[in-house]
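Asker: First the structure, then my questions, so here it is.
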Amino acid sequence: MSSVTKTIYNLFFRRSATIALSVVVGVFAYERLIDKTADYMFERRNQGKLWKHVQSQFKMPTDEEEESSE
Amino acid sequence: MTSTILCRTSRQNHQILVYVIRNSSSTSNQTSIRWKRLAYQIGGGLLTTGALGYAWAHSQAVHASGNKAHLVSLPWSFQGPFDSLDHASVRRGFEVYKQVCAACHSLRFVAYRHLVGVTHTEEEAKTLAAQDQIEDGPDDKGNMFKRPGKLTDYLPSPYPNDNAAKDGNAGALPPDLSLITLGRTDGCNYIFNLLTGYQDPPAGVKGEPNLHYNPYFSGGWIAMPKQLYDDQIEYSDGTKASESQLAKDVTEFLKWTAERDHDDRKRLAIKAILIFAPLAVLSYHWKRVKWATLKSRKIAFYRPKAKDE
């Protein structure tokens with residue numbers, strides 16, 4: 001365990017340049033992870049209710065319907 | 001009593017002045033602090049319970065002196081903290097608005113571009129906009145003119161102004177529907193109950209000219225006649241247009257017009273929870289780390305030794 005910690009320390013934390021770089025990369029990766037996870041959860045919960053899920057059932061009739069109503 | 005010396009201060013001649021000691025056994029002073037803390041916790045708990053209890057009791061009020069019927073709460077598809085609007089319903093609601101409500105009610109704060117990706121594709125929204133005549137101008141001669149709508153236009157109002165609207169509706173002003181679900185108490189349930197609540201007045205209640213009986217409207221008499229009937233319009237997705245289906249769909253559409261951020265807000269709530277939950281755990285741990293020495297230390301003062309000793 002301690003050797004792993006040591007390796008991590010030597011690789012990322014020891015020099016300012018590496019820690020700054022790993023913070024920048026880490027923030028980007030974390031943001032993507034949270035974003036994708038949240039979107040997945042939201043769309044999983046609301047399956048069949050969002051516009052991209054129901055769009056197809058309206059597609060063709062719309063144009064005819066709107067034009068005939070005018 | 002076992003104690004550990006954590007740190008000490010010294011003067012120039014290296015005589016020790018102050019010891020900070022980690023104390024393992026409790027003293028009488030610590031015991032009284034513990035009781036005090038317990039008292040605060042119990043008091044705070046009672047206060048919170050009382051406030052919540054009062055709020056709950058207040059929400060259970062019967063409103064016996066009100067002048068309208070109690071609303072029936074419906075199981076809306078967007079009820080939960082993470083539940084989105086049912087966009088199929090919102091789309092059908094737009095069709096109801098366009099074919100029924102739009103004859104009298106404006107929707108001033110909704111533009112065609114807002115419909116894109118919510119109830120229509122971009123092409124559909126453009127077609128829809130082009131079918132309406134929008135007033136624009138002034139032109140080179142200073143006159144206003146009509147032109148086909150664009151995506152950036154707002155939905156046209158049925159009347160040019162409020163006075164014209166009143167004149168066309170026997171003195172009653174049809175309210176703008178953009179924010180109506182927020183503008184009425186329990187807006188969604190109110191609109192559904194109102195739209196489906198028309199009935200004959202109770203025996204003995206005298207009718208009013210130009211007014212219609214609806215127990216869900218304040219006072220019971222509303223200028224708007226019953227609007228929704230079974231199979232009144234034809235939905236573009238083939239759903240059967242029963243009266244309650246029409247009312248439900250248009251309510252869901254009006255919920256969207258009032259809160260266009262609704263789905264984004266709930267999506268963002270999940271993200272906020274995912275980010276802030278680990279941060280809350282970390283900040284609690286950090287607080288405990290920082291306070292550990294402060295809470296478990298004891299400061300002892302010693303008289304410095306006299307020089308001549």
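Glycine residues also receive a Cβ, built from the backbone N, Cα and C atoms like all the rest.
Curation does not apply to TrEMBL; its annotations are automatic.
According to TrEMBL, the record shows the following:
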{"type": "DOMAIN", "residues": "B:88-258", "note": "domain 'Cytochrome c'"}
{"type": "BINDING", "residues": "B:CYS101, B:CYS104, B:HIS105, B:MET224", "note": "heme c binding site"}
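Structural setting of the listed features?
Answerer: Under DSSP, B:CYS101 (heme c binding site) is assigned to a helix (H, G or I) in the three-state scheme.
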Asker: Return the maximum Cα to Cα distance in Å (whole number) over the record's heme c-binding residues: B:CYS101, B:CYS104, B:HIS105, B:MET224.
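Answerer: Of all Cα pairs among the recorded heme c binders, the widest measures 11 Å.
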Asker: Would you count the other CB atoms within 10 A of the CB of B:HIS105 (heme c binding site), including those on all shown protein chains?
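Answerer: Counting Cβ neighbours of B:HIS105 (heme c binding site) within 10 Å gives 21.
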Asker: May I ask which residues of the same chain, at least 6 positions away in sequence, place their Cβ under 8 angstroms from the Cβ of B:CYS101 (heme c binding site)?
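Answerer: Expected: B:LEU177, B:GLN227, B:VAL250.
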Asker: Within 10 Å of the Cβ of B:CYS104 (heme c binding site), how many other Cβ atoms can you find? Include all protein chains, please.
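Answerer: 20, counting other Cβ atoms within 10 Å of B:CYS104 (heme c binding site).
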